[in-house]
Amino acid sequence: MQISNIGFWESWRQSQSITRKRVWVQMGGALSSLLPWQHILHAIEGKFGVGVKAYFVFLRYLVYLNLLNCTLTSGFILGPTAFYGRSISSGESAIMRDSKHLFGGNDSVLDFFLGTGYLERSPVFIGFYTRGSLDLPCLNTPLLYLAGILTMILLSLIMVVRRTIVGYKHTWMLGKRYSANMSYKIFCGWDFTIQDPASATLKHSFIRNDLKLFLEEQNFSMREAQRTLGQRVRLYLLRVILNLIVVSLLGGAFCLIYFATITSQSMIGWNWLVRLVLQYLPPMSITFVNLILPHIFRKISSFEDYSFTTQVNATLVRSIFLKLASLGMYLFFVLTTTKRHQCMENRFGREMYKLCIFNFLATFCNAFLLNYPRKLVQEKFPTSFLAWVLGKQRFLIPFNVLDLVYSQTVSWVGVYYCPLLPLIGTVTLIATFYIQKFVVMRCCVAEQRMFRASSSSVLFHFMLLLGLLMAAVTLGYSFHLQNIEPDINMSSCGPFQNGKTVFNVTKVCVESLPSPAPATLYYLSSEAFALPLILAEIIILTSYVSRGRANQKAIERLKDMLVMSSSDKRFLVKQHATMLRCRSKNRTKVHSAAVVEDNWQDPPSTH
């Protein structure tokens with residue numbers, strides 16, 4: 001047998017590689033301990049399980065995403081406007097100059113909720129940003145504004161897609177291809193380095209919740225395997241009927257939003273209170289629908305006899321379709337039914353601003369006007385009829401996640417018309433974190449049934465990706481309206497005013513470039529380049545699919561080899577045990593024969 005010796009340099013290289021990996025792992029652990037709210041997340045996980053923790057991790061991720069968007073907004077939009085001003089003749093910065101005329105005599109506190117008055121003249125909306133002293137062909141306020149919005153959407157897309165793919169790979173690895181048995185969870189789940197009693201109690205909670213989840217899944221699998229053919233037919237028929245009911249409820253919700261939008265735009269001339277209610281009638285209708293129907297969907301999913309994790313995911317899918325579809329219908333009605341008047345971009349930005357503000361107010365009121373009084377009734381009068389009717393408060397993960405996805409979608413949709421929406425979203429998300437932490441730790445009790453958070457976390461980010469795609473479609477549709485009807489849809493305010501649109505501003509920049517660049521860019525944006533690009537994408541996708549199938553076949557062959565190897569080992573162990581037994585029997589026979597022979601050779605002595 002040939003023995004290969006490892007040289008000194010190869011051994012040193014492998015040891016250095018192992019050391020670097022350990023250092024990176026330790027640095028990652030140290031940095032993760034410095035993340036905001038890490039201690040709060042551990043406490044929530046120990047008391048309420050990984051599902052509730054996944055909600056707060058998702059909320060923290062949205063805070064990071066909005067902080068990145070705030071940085072891009074400051075660099076591309078607010079910075080150039082502050083340094084170069086809004087007009088060529090202005091000697092001072094635009095924000096300093098317009099602060100003198102920011103507040104007028106007719107302004108009131110009501111303008112903060114309506115997005116009118118001083119807010120309409122502030123940097124909150126697109127109408128504030130005009131072409132200033134920075135007026136080069138390829139370096140001006142309109143192009144910087146457009147580049148900031150597109151960069152924001154592109155980076156958000158990259159981050160969300162990456163997070164979704166990583167979560168999906170983790171879920172795929174922890175799915176049917178990997179399952180830890182009960183003995184491993186019990187005997188190998190404890191961390192013997194724990195010295196703090198509080199940490200030991202928290203670890204006990206982790207193991208208890210994990211075992212509850214495992215037993216719940218095993219119980220459902222056994223019940224599902226014992227179903228008869230008649231039970232399966234009745235169950236599928238029931239699911240079809242319940243899905244028809246869901247579709248009917250969605251249709252009624254869309255009709256309600258449509259009539260609310262038409263009513264809010266047709267009635268004017270009332271006093272301030274009625275005007276405020278009418279302005280907020282579409283957001284109130286959307287919030288009402290999004291508040292009532294998800295609870296109905298949750299009750300419907302409980303009759304469909306799915307596992308608890310599948311029930312949560314089904315409720316999430318139906319509710320996110322409700323929220324995104326209702327928001328999409330509202331945006332379509334606003335874009336198509338709004339009368340062409342001065343600075344309609346500010347009008348659309350105001351609608352998104354009102355949706356963002358009203359969504360946060362709904363979260364605040366739900367926490368302190370509904371959940372907290374409900375908890376007080378449970379504590380002060382636990383045996384009363386009202387406490388029995390209200391029941392114990394539980395943290396409903398699907399509905400709270402949907403609120404986060406909805407608010408982030410509104411921020412992405414309205415960021416073009418309201419550039420400070422990421423900043424407003426960051427503030428509201430931080431406040432929402434502490435509000436929901438108060439609700440969870442003070443008002444809620446732990447859920448009796450656990451669900452696996454890995455698949456739901458992937459669904460969270462996939463819903464966020466749908467919201468981002470919806471924002472991109474809305475932005476593309478508004479650009480399309482400017483292109484097909486430039487005279488009717490001509491902007492009267494903002495960076496693209498006086499007949500300027502996104503297309504002709506970029507065209508001027510492209511034509512001002514050196515001679516090879518315009519022809520190259522025109523070719524890259526033409527249909528002649530689209531066909532080779534599509535063919536190249538098809539070839540690349542085909543190669544990746546073929547490689548994936550080949551890897552899957554190799555994995556299956558390796559699995560078969562492992563099975564055969566384990567069978568061979570069992571056979572060899574069996575043969576070895578048989579040989580040992582035969583040898584033991586032979587030794588026993590030989591020993592018995594020797595004893596008999598000795599007895600015959602030594603006759604008994606006579607006296």
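Cβ atoms here come from the backbone N, Cα and C positions, even for glycine.
Noted in TrEMBL for the protein shown:
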- 343-454: domain 'TMC' (DOMAIN)
- 61-83: transmembrane segment (TRANSMEM)
- 143-161: transmembrane segment (TRANSMEM)
- 236-260: transmembrane segment (TRANSMEM)
- 314-332: transmembrane segment (TRANSMEM)
- 352-372: transmembrane segment (TRANSMEM)
- 414-435: transmembrane segment (TRANSMEM)
- 456-479: transmembrane segment (TRANSMEM)
- 521-545: transmembrane segment (TRANSMEM)
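Put simply, of 61-83, 143-161, 352-372, 456-479, 521-545, the stretch with the most CB pairs closer than 8 A to the transmembrane segment (314-332) is 456-479. Long-range contacts of the transmembrane segment (456-479) within the same chain, counting only residues at least 6 positions beyond its ends with a Cβ under 8 Å from a Cβ of the stretch, are 51, 54, 57-58, 149, 153, 156-157, 160-161, 163-164, 167-168, 171, 309, 312-313, 316-317, 320, 324, 327-328, 331, 335, 397, 401-402, 405-406, 408-409, 412-413, 415-416, 501-503. For the domain 'TMC' (343-454), the DSSP-based tally of helix, strand and coil residues reads 86 helix, 2 strand, 24 coil. Sequence-distant neighbours of the transmembrane segment (521-545) (same chain, 6+ residues past either end, Cβ-Cβ under 8 Å): 510, 513.
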